[in-house]
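Below is one structure; the comments refer to it alone.
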Amino acid sequence: MKRIGILTSGGDAPGMNAAIRAVTRKAIHEGLEVYGINYGYAGLVAGDIFKMDEATVGDIIQRGGTFLYSARYPEFAQEEGQLKGIEQLNKFGIEALVVIGGDGSYHGALRLTEHGYNAIGLPGTIDNDIPYTDFTIGFDTSVNTVLESIDRIRDTATSHERTFVIEVMGRGAGDIALWSGVAGGAEAIIIPEKEFDMKQVANKIRAGRNRGKKHTLIVLAEGVMHADEFAEELGKFGDFHTRVTVLGHVQRGGSPTARDRVMASQMGSYAVELLMQGKGGLAIGIENNKVVSHDILDLFDAKHHSEISLYDLNNDISY
Ligand code: F6P
């Protein structure tokens, strides 16, 4: 194998650039040529492909987003899209690929491997919703961004003795809410993985207020319901001077944390090692602080497990 390609796909995540840098530098260090593919699978099909050298990836480790751009491209699920992509791989002489992204990106990587082009997936998403990895690239940065907002909201909540419902991203997973909620000392964390009772939430707020508590912070995962809806439901159990903050895409941007940069570098480098061993159809992860790989096929049968112990912990220490 002489030449590999790299793309980022799906929603961007801080740390993707660190992963691109690691893949590129490691591959060049090992004597390979590296081609960047812009806009994910859409760019692959369109032939938006260029040769990279070690300098191409200079000055990007600290940047959020992805300098290869990203796109959601469901057309790649169809064989027609895959064959068009393969045509481009042949045209540029690319024999193997590293794909950084979420679930949809892994499907594409598996299909390419089945067509004879080894592809390896790196978990790049703020949602932390990918099985067989404790953390995904971008999650730690996102949690820290949310935490900064929670701390700020706490200031104003206290000044006005208000309740805030803070809606965070995560798609169907509650991980961002769980980690930022515990770190931010939220009185309630509402996630899709756990049923909740609005009356109990209201009683908890009331009990806190009766003890002289000046603020209430509720961190709500977007997979449960919209924050406005939640606030309206809560209002049926009393007037808690509730305000709503939907953090939105601020959670996706910004300079990656050290943890995300280091993890992305480890994963990117390992992906190149695996490709050099002639392996493909694998997803890289981090388990118990060790970089690991699993068959992508196994991921499709598996479910991501959120750290539910954090939910119980929060109930014990935050009231
Ligand atoms: O998967 C990352 C994510 O930010 C989710 O948390 C969120 O639900 C979704 O993407 C938003 O997608 P878009 O950027 O396409 O609006």
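Using the three backbone atoms N, Cα and C, a Cβ is placed for every residue, glycine included.
Pulled from TrEMBL, these are the features on record:
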BINDING   Gly11, Arg72, Tyr73, Gly102, Asp103, Gly104, Ser105  ATP binding site
BINDING   Arg21, Ala22, Val23, Thr24, Arg25, Arg154, Gly185, Ala186, Glu187, Arg211, Lys213, Lys214, His215  ADP binding site
BINDING   Asp103  Mg(2+) binding site
BINDING   Thr125, Ile126, Asp127, Arg162, Met169, Gly170, Arg171, Glu222, Arg243, His249, Val250, Gln251, Arg252  substrate binding site
ACT_SITE  Asp127  active site, proton acceptor
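Cβ crowding, taken as the number of other Cβ atoms within 10 Å, peaks at Gly11 among the binding-site residues Gly11, Gly185. Within the set of binding-site residues Gly104, Thr125, Lys213, Val250, Thr125 have a CB atom less than 6 Å from some atom of ligand 1. Less than 8 angstroms from the CB of Asp127 (substrate binding site) sit Gly11, Gly102, Thr136, Phe139, Met169, Gly170, Arg171, Ala173, Asp175, Ile176, each of them six or more residues away in the same chain. With all protein chains in the displayed structure included, the most crowded Cβ environment within 10 Å among the binding-site residues Asp103, Glu187 is that of Glu187. DSSP assigns Arg243 (substrate binding site) to a strand segment in the three-state reduction. You'll find the Cα of Glu187 (ADP binding site) roughly 36 Å from the Cα of Arg72 (ATP binding site). Excluding Gly11, Arg72, Tyr73, Gly102, Asp103, Gly104, Ser105, which define the ATP site, the same chain contributes Ser9, Gly10, Gly40, Gly101 within 8 Å (Cβ to the Cβ centroid), listed in sequence order. Met169 (substrate binding site): 23 other CB atoms within 10 A of its CB, across all protein chains. DSSP assigns Asp127 (substrate binding site) to coil in the three-state reduction, placing it in neither a helix nor a strand. Here nothing among the binding-site residues Val23, Arg25, Arg72, Tyr73, Gly104 falls inside 10 Å of the CA of Thr125 (substrate binding site). In space, Val250 is the closest of the binding-site residues Lys213, His215, Val250 to Arg72 (ATP binding site), judged by Cα positions. Ranked by CA distance from Gly185 (ADP binding site), the binding-site residues Asp103, Gly104, Arg243 have Arg243 at the top as the closest.
In this structure, Gly104 is the one among the binding-site residues Gly102, Gly104 with the smallest number of other Cβ atoms inside 10 Å of its Cβ.
Around the Cβ of His215 (ADP binding site), a 10 Å sphere holds 21 further Cβ atoms from the protein chains shown. Taking the Cβ of Arg25 (ADP binding site) as reference, residues of its chain lying under 8 Å away and at least six apart in sequence are, in sequence order, Glu54, Val57.
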